[in-house]
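As recorded in TrEMBL, the features of this protein are as follows:
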type: BINDING; residues: GLY16, SER17, GLY18, LYS19, GLY20, THR21, ARG127, VAL136, TYR137, THR200; note: GTP binding site
type: REGION; residues: 36-65; note: region 'NMPbind'
type: BINDING; residues: SER37, ARG42, GLN63, LEU64, ILE65, GLY90, PHE91, PRO92, ARG93, GLN97, ARG160, ARG171; note: AMP binding site
type: REGION; residues: 126-163; note: region 'LID'
type: DOMAIN; residues: 127-162; note: domain 'Adenylate kinase active site lid'
Amino acid sequence: MVVPPLLRAVIMGPPGSGKGTVSTRIIKHFGMKHLSSGDLLRDNMQKRTEVGILAKSYIDQGQLIPDDIMTQLMLNELKGLDQYNWLLDGFPRTVAQAEALDKECQIDTVINLDVPFETIKCRLTARWIHPASGRVYNLEFSPPKVQGIDDITGEPLVQRDDDNPETVTKRLQAYDSQTKPVLEYYREKRLLKSFSGTETNKIWPHIYAFLQTKLPDINQKDATTTR
């Protein structure tokens, strides 16, 4: 029996583009290992590893974590995944990181979520949270029963500082300037596959169909539904 080659994929998209939802569906349907730079950083900071302490010192000063630290963190983790199909999320974020990744492994495809910034702005600024439980409400899609109040506890909801309109605009502009060169890097290598739209549920079937040409669905039933 011929064993299909392992798939090495990257997913890119600005904050609020639905990247988390799409990644979850990819993992569910295609059984890929998901490696998120954000999750990995939080885990290392929590465990106070050498890299975690170093990364936290940059974050506390409001600075970007240097390429070599992020690259070391991600490549170390990838060493344990060489027998699996995997999906990288949040890495690479710079061309230097992309080049370092290329030296270690061959990327097969880069999925880019091309969602208009105005759509994302509406999504993020409509997001309110219940701090104690982490419950998230969206005034457009899943509003609380009573405006500004948590459904279960009756406690007030708050908006995260980075979800206010000014901060969201800055975050999107920063993402755009940082990742444009990376998208261009992968476009030149003919690895970039962009999926455009304003709704995750409408973009997902196209991503699903694309990945089906590369991997079998591990639970064929209900494949293109939103579950």
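Each residue, glycine too, has its Cβ placed from N, Cα and C.
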Note to self: For each of GLY18, GLY20, count the other CB atoms within 10 A of its CB; which of these binding-site residues has the top count?
What the structure shows: GLY18
Next item on the list: Report, as numbers and ranges, which residues of the same chain sit near the region 'NMPbind' (36-65): CB under 8 Å and 6 or more residues beyond its ends.
Entry: 23, 72-74, 77, 88-91, 93
Notebook entry, point to check: Max Cα-Cα distance in Å among SER37, ARG42, GLN63, LEU64, ILE65, GLY90, PHE91, PRO92, ARG93, GLN97, ARG160, ARG171, the residues listed as binding AMP?
Noted result: 29
Notebook entry, point to check: How many other Cβ atoms are found within 10 Å of the Cβ atom of GLN63 (AMP binding site), counting all protein chains shown?
Noted result: 9
Next item on the list: Taking only the Cα atoms, work out how far ARG93 (AMP binding site) lies from TYR137 (GTP binding site), in Å, as a whole number.
Entry: 29
Notebook entry, point to check: In the region 'NMPbind' (36-65), how many residues does DSSP assign to helix, to strand and to coil?
Noted result: 21 helix, 1 strand, 8 coil
Next item on the list: Drop a 10 Å sphere on every Cβ of the binding-site residues ARG93, ARG127, ARG160 and tell me which sphere holds the fewest other Cβ atoms.
Entry: ARG160
Notebook entry, point to check: If one looks at the chain holding SER37 (AMP binding site), which residues at least 6 apart in sequence have a CB under 8 angstroms from its CB?
Noted result: MET70, LEU73, MET74, LEU88, ASP89, GLY90, PHE91, ARG93
Note to self: With the GTP site defined by the record as GLY16, SER17, GLY18, LYS19, GLY20, THR21, ARG127, VAL136, TYR137, THR200, how many Å span the farthest pair of C-alpha atoms?
What the structure shows: 18
Margin query: Using a 10 Å cut-off on CB atoms, tell me which of the binding-site residues PHE91, TYR137 is the least crowded.
Written below: TYR137
Next item on the list: Any same-chain residues 6+ apart from GLY16 (GTP binding site) with CB under 8 Å of its CB? Would you list them in sequence order, or say none?
Entry: VAL115, ILE120, LYS121, ARG123, LEU124, VAL168
Notebook entry, point to check: If you count Cβ atoms within 10 Å of the Cβ of ILE65 (AMP binding site), leaving out that atom itself, what do you get?
Noted result: 18
Check: Taking only the binding-site residues GLY18, GLY20, ARG127, TYR137, which one has a CA atom nearest to the CA atom of ARG160 (AMP binding site)?
Finding: ARG127
